[in-house]
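Student: Just passing along the structure, written as structure tokens.
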Amino acid sequence: MLKLQQRVQGVITAIDAHGRGILPYGKERIFVPAALPDEQVEVTIVKMIKEGYIGAITRLTHPSQDRVEPPCPHAHSCGGCQLMHMAPAAQLRWKQQRIIAAAKKEKLSLRIHDVVPSPAAACRNKVIASFGKDRNGMITAGLYEESSHRIVAIDRCLLHPASCDAIIQTIRTLMKELRIEPFDVRKRQGFLRHVQLRWGVRSGEILVTLVASESRFPARKRFVQALLQAHPAIRSIVLNVNRRDTSIVLGSEEHILYGSGWICDELLGRQFHISSSSFYQINHDQCERLYQKAYDLLELKKSDRLLDAYCGIGTIGLCAASQVKEVIGVELNAQAIADARINAKRNKITNARFICEDASRFLLAAANQHQRYDAVLLDPPREGSTPMFLDACARLQPARIAYISCNPLTQLRDLKILAQYGYVCDELFLYDMFPMSTHTESVALLKKGGQRTTKVRRGSVARTQKDRGAHEKRYRHGK
Ligand code: SAH
């Protein structure tokens, strides 16, 4: 058993899912932020955690060839860029190797391609800043330190354009001038919790969402006037009220303070209407490449009925609408569906319909009604899809399925299930949407053709609403 402040020497053997180096110590493991494989290090134990210990590097005897000086001074404190100390090419290699290892573990034989690098480093079109006070009572803006209530003050983040940092700094100054208190999570006092900025990479339009603890905002007029004067690119300002005790940023109540409550951006030649709470891909240029790859893989035809499952504001389906007969989009978030319908109109697309429902439930009903879909494109959240969705999807028998994922590990799990239904996948294509982080985006094509294996018994997947809850819960826990 190790003690706090104890020093340990050794060689880092691997990197974990959070980007930390792993230093084995007997049967125990020490997780070392900013350490790379093969590096010889001396670490000081700074924390005990469930899986072992956290160690901070006190001496680096043999640095890795892949080590670089992080271009950001906050790299080690903010926790947003877990791989910034790693050369960009090595980051891509690591992301690929990690997914190859996961596929091997799932006993899936498929070719996992090299990761396509992000076209730009300052690639993010959304930023969320939190506000607090430092020891001297000065208002700070930045990110929460990992698993703490402390704000790491950041005046410049390299992942997005400098104009966004300038807006955050103006808000910080205005808070002081107008006596707007930052929200204190522990005391549950104060007004401003976060600011979310979204901007259209092509349009240049900016949407500012102030996330506050209550709707009463006495200084609103002066605040809005001053912010617009300093940053004319702002198209809309929204007050989002989040009264809950939660780490989820946005609440459900919104008041428009200026403009329409949304901005517009262009993606693959189509115009998209984006509200503050709808999902919109963060890395615009890489997103265009990823979508294009999915369409190429699907080889869409004019006679196709295409299902866009987990469709968000309808981007994937609407960009493909001219290539197919009909698009049906399904999504749980009502605001996103409202945006999707507006987006269809805005682009004069008449062959797309959008339905606000749980994707699994929607697909189950479609399968029970023997509906026809020639191609399915699914893009679920990080947890992946569900057994109910995958079972219903297989029963619908689309000729082609394109599966886009922001978490290839859950995607591989789902590919394995689809393989048991006779859907074959030979290749996985990886895209670096989030440089410097441990995340990777991926797309795979599945074609009907393989043998249905005996592993999946008919009726093994919940078909009724009653069974569903328990089954989905078991599945999420990997049982
Ligand atoms: N395809 C879109 C959005 C992908 S993100 C795009 O590329 O922009 C995943 C989406 O799944 C989010 O919009 C989220 O709201 C939605 N979602 C999450 N759970 C869902 C469920 N159970 N049923 C339908 N949609 C869901």
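Cβ coordinates come from backbone N, Cα and C, glycine included.
Pasting the feature list from TrEMBL:
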BINDING   Gln281, Tyr310, Glu331, Asp379  S-adenosyl-L-methionine binding site
ACT_SITE  Cys406  active site
ACT_SITE  Cys406  active site, nucleophile
REGION    448-479  region 'Disordered'
Student: Quick one: Cα separation, Gln281 (S-adenosyl-L-methionine binding site) versus Cys406 (active site), in Å?
Tutor: 10
Student: By the DSSP assignment reduced to helix, strand and coil, which category contains Glu331 (S-adenosyl-L-methionine binding site)?
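Tutor: Assignment for Glu331 (S-adenosyl-L-methionine binding site) reads strand.
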Student: Reported as an integer number of Å, what is the Cα distance between Asp379 (S-adenosyl-L-methionine binding site) and Cys406 (active site)?
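Tutor: Checking the Cα atoms of Asp379 (S-adenosyl-L-methionine binding site) and Cys406 (active site) gives a distance of 8 Å.
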Student: Other than Gln281, Tyr310, Glu331, Asp379, which residues of the chain come within 8 Å of the S-adenosyl-L-methionine site, judged by Cβ distance to the Cβ centroid of those residues?
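Tutor: Here the non-site neighbours turn out to be Phe279, Asp308, Ala309, Cys311, Gly312, Thr315, Ile316, Pro380, Pro381, Ile404.
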Student: In Å, how long is the longest CA to CA span across Gln281, Tyr310, Glu331, Asp379, which the record gives as the S-adenosyl-L-methionine binders?
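Tutor: Of all Cα pairs among the recorded S-adenosyl-L-methionine binders, the widest measures 15 Å.
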Student: Cβ-Cβ under 8 Å from Cys406 (active site), same chain, 6 or more residues apart: which ones?
Tutor: Pro381, Arg382, Met433, His439, Glu441
Student: Near Glu331 (S-adenosyl-L-methionine binding site), which residues of its chain come within a Cβ-Cβ distance under 8 Å, counting only those 6 or more away in sequence?
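Tutor: In sequence order, the residues whose Cβ lies under 8 Å from that of Glu331 (S-adenosyl-L-methionine binding site) (at least 6 apart) are Tyr310, Cys311, Gly312, Ile337, Ala340, Phe354, Ile355, Cys356, Glu357, Ala359.
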Student: Which residue, out of the binding-site residues Tyr310, Asp379, shows the minimum number of other Cβ atoms inside 10 Å of its Cβ in this structure?
Tutor: Tyr310
Student: Is Asp379 (S-adenosyl-L-methionine binding site) helix, strand or coil when read with DSSP?
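Tutor: Assignment for Asp379 (S-adenosyl-L-methionine binding site) reads coil.
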